[in-house]
Structure formats: structure tokens, C-alpha cells
Amino acid sequence: MKKIIIASNNQNKIREIKQILKEFDFNIVSLKEENIDIDVEEDGKTFIENAYKKAYEIYKMRKDCMVIADDSGLTVDELEGAPGIYSARFAGIHGDDKKNNEKLLSLLEGVPFEKRNAQFVCSIVLIIDEANSIKVEGEISGFITDKEIGTKGFGYDPLFYVPEFKKTFAELTEDEKNSISHRAIALEKLCSEMKKLNWGE
């Protein structure tokens with residue numbers, strides 16, 4: 001069975017990717033399961049550049065496997081696209097959700113709800129071999145609330161309000177989120193591209 005390494009140790013992300021790709025007959029594993037300890041510098045100027053760099057650095061170590069990597073983040077119109085590619089380290093420390101959310105709320109203080117438009121963006125790269133890769137992007141639009149609402153999810157989820165559900169991402173069930181999230185949209189596009197290679201069904 002062909003192996004796909006997910007270039008992440010984020011358990012939430014790994015679970016979401018495995019769930020959406022379960023129709024394919026692949027052994028999908030995390031970096032930890034492969035005993036890979038690597039910290040790739042995300043110095044690209046776009047989400048897709050960072051995703052490709054992460055995937056390729058790991059592919060160079062395990063050329064017998066395929067590698068899937070994503071880079072995702074939040075873009076806020078009022079902040080000219082920030083936090084963007086710096087979403088995970090917006091407040092200075094990588095992955096400090098609480099501090100990142102506090103900084104975002106403070107920058108948007110006084111901005112009316114209708115001007116708090118935001119997008120969650122996810123770029124995914126699957127490196128198949130040295131010459132072939134698939135690149136896809138998913139996006140969902142919403143608004144930034146003025147306080148954290150909900151306890152599910154991670155990252156900016158408690159601040160990202162989805163008009164379609166009248167809830168934040170952190171109030172959605174896993175199934176609801178997987179049906180509309182930026183990562184779900186990108187993964188569905190990835191599935192479509194993979195099926196063209198006769199990997200599915």
C-alpha cells in the first residue's frame with residue numbers, strides 16, 4: 001500500500017485530512033509516526049509556496065512516499081490581508097492561539113461588524129514524485145466577531161463567524177466544519193485531482 005506522509009504533527013489537521021482522504025487506499029501517516037523531526041522555515045511569500053516547500057523538504061527524505069503539506073491562515077480585509085502567512089505566529093510565538101486571537105481582536109477594536117470581512121485560506125500540495133505534484137487552494141468567507149465564541153476547533157475558529165450557519169467555526173460540529181472549511185474545500189479539490197489519476201473508487 002502506497003504511503004502518504006502528512007507534513008504536520010497537528011492532530012486536528014491530521015484527523016481532518018485522514019477523514020476526507022479515507023476513500024483512497026493509502027496508508028496515511030504523520031511525521032511523528034515516521035520518526036521525522038524537521039522544522040521547515042516557512043519563508044515563502046504565499047500559502048502555496050510555503051506548502052510546497054514543506055512537502056518537498058520531507059519528500060527529499062522519503063522519496064519512496066508521497067507527501068502532503070498545507071499552509072493555511074486567516075486574511076482580514078480591514079488589515080490588508082493580515083495575518084495571512086503569519087497567522088500561526090501573529091503575536092510572535094508560533095501556535096499561541098490565545099495570544100494570536102487577542103492581537104487580532106485588539107487590531108479590530110472599534111471596527112463595525114460589517115467591515116470585519118475575513119477569509120480562511122488553505123493551500124495544499126501533494127508531491128507524488130520528483131516530476132509530479134498537485135496544488136490546490138480552498139477559501140471560505142466570513143466575519144471576525146468581537147469576542148471568542150464556542151469551544152470546538154482551534155486557532156482563530158472562535159472568532160470566525162460563518163453567516164451560512166449563524167455560528168463561529170468553534171460552534172460547528174466536526175461534520176459541519178468538514179463540509180465547509182477552507183481545508184475541506186481544498187481537500188475536495190485534491191480528491192478530484194487524485195481521482196483523475198484513477199486512485200479513487
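Counting begins at 1 with the first residue displayed.
Cβ from N, Cα, C; glycine included.
Per Swiss-Prot, substrate binding site is recorded for Ser8, Asn9, Asn10, Gln11, Asn12, Lys13, Ser72, Phe154, Gly155, Tyr156, Asp157, Lys177, His182, Arg183, and the stated evidence type is sequence analysis. The Mg(2+) binding site annotation in Swiss-Prot covers Glu41, Asp71, and the record cites sequence analysis as its basis. As annotated by Swiss-Prot, active site, proton acceptor applies to Asp71, with the evidence given as sequence analysis.
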Number of other Cβ atoms within 10 Å of the Cβ of Glu41 (Mg(2+) binding site) across all protein chains: 9
Rounded distance in angstrom between the Cα atoms of Asn10 (substrate binding site) and Asp71 (Mg(2+) binding site): 12
Number of other Cβ atoms within 10 Å of the Cβ of Ser72 (substrate binding site) across all protein chains: 24
Alpha-carbon spacing, Asp157 (substrate binding site) to Glu41 (Mg(2+) binding site), which is rounded to whole Å: 25
Rounded distance in angstrom between the Cα atoms of Ser72 (substrate binding site) and Glu41 (Mg(2+) binding site): 15
Asp157 (substrate binding site): tally of other CB atoms within 10 A of its CB: 24
Binding residues Ser8, Asn9, Asn10, Gln11, Asn12, Lys13, Ser72, Phe154, Gly155, Tyr156, Asp157, Lys177, His182, Arg183 (substrate) - maximum C-alpha distance in whole Å: 20
Pairwise CA distance, Gly155 (substrate binding site) versus Asp71 (Mg(2+) binding site), rounded so that it is a whole Å: 13
Sequence-distant neighbours of Asp71 (Mg(2+) binding site) in its chain (C-beta under 8 A, six or more apart): Glu42, Gly44, Phe47, Ile48, Asn50, Ala51, Lys54, Ile85, Cys122, Ser123
Alpha-carbon distance [Glu41 (Mg(2+) binding site); His182 (substrate binding site)] in Å: 23
For Asn12 (substrate binding site), the three-state class that DSSP assigns: helix
Cα separation, Glu41 (Mg(2+) binding site) to Ser8 (substrate binding site) (Å, whole number): 13
